[in-house]
Amino acid sequence: MFNQSYLNVYFICGTSDVPSHRTIHEVLEAALKAGITLFQFREKGESALKGNDKLVLAKELQHLCHQYDVPFIVNDDVSLAKEINADGIHVGQDDAKVKEIAQYFTDKIIGFSISDLDEYAKSDLTHVDYIGVGPIYPTPSKHDAHTPVGPEMIATFKEMNPQLPIVAIGGINTSNVAPIVEAGANGISVISAISKSENIEKTVNRFKDFFNN
């Protein structure tokens with residue numbers, strides 16, 4: 001069952017997002033120990049694992065998450081999410097329709113990416129537990145990202161739908177979280193701010209501080 005507090009410190013990562021001197025297992029476990037509230041396995045890029053290699057890694061990371069009672073979300077890959085019985089799935093505007101996904105994931109967390117008012121207007125959010133809004137700031141992690149929309153977009157969506165859980169994404173670090181929180185976001189989702197941090201515990205705790213008041 002979805003709890004909007006899951007969104008507080010939402011870590012997204014794949015093998016291409018971690019430094020060469022670390023494994024994704026090491027990075028994820030450090031983040032889990034520090035207190036991330038949700039994890040999304042996002043295996044993208046030219047060097048992304050596929051097939052059985054991706055399946056094996058997903059199971060290993062899922063097992064890690066469950067040791068810390070943190071839900072494990074799969075990005076885009078519906079068949080993988082079904083095969084490993086993931087806790088949820090996150091899809092974008094160009095991925096499978098949410099209505100169809102909801103038929104398979106009746107008791108799972110469903111997240112959906114929305115970048116602007118046009119996308120919001122044409123999106124059916126009936127089966128969606130939360131939306132990911134962004135990129136808030138310029139981001140190095142997604143080469144196909146939209147133009148940054150700023151924290152103002154979160155405030156706009158919250159005015160339109162106060163009950164809709166929103167997680168901010170894109171270019172977020174510990175120094176630019178405050179405006180996002182002030183805009184009404186339920187949490188922040190980050191990739192490199194955690195995966196490439198020199199001190200993951202300190203970084204995660206700093207993020208957590210913004211949502212513990």
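For all residues, glycine too, the Cβ spot is worked out from N, Cα and C.
Taken verbatim from Swiss-Prot:
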{"type": "BINDING", "residues": "GLN40, PHE41, ARG42, GLU43, LYS44, ASN75, SER113, LYS142", "note": "4-amino-2-methyl-5-(diphosphooxymethyl)pyrimidine binding site"}
{"type": "BINDING", "residues": "ASP76, ASP95", "note": "Mg(2+) binding site"}
Cα-Cα distance linking ASP76 (Mg(2+) binding site) and GLN40 (4-amino-2-methyl-5-(diphosphooxymethyl)pyrimidine binding site), given in Å to the nearest integer: 10
Reduced DSSP assignment, ARG42 (4-amino-2-methyl-5-(diphosphooxymethyl)pyrimidine binding site): coil
Spatial separation of ASP76 (Mg(2+) binding site) from GLU43 (4-amino-2-methyl-5-(diphosphooxymethyl)pyrimidine binding site) - C-alpha basis, Å: 9
Rounded inter-Cα distance in Å - LYS44 (4-amino-2-methyl-5-(diphosphooxymethyl)pyrimidine binding site), ASP76 (Mg(2+) binding site): 10
Binding-site residues (GLU43, ASP76), the one with most neighbouring Cβ atoms at 10 Å: GLU43
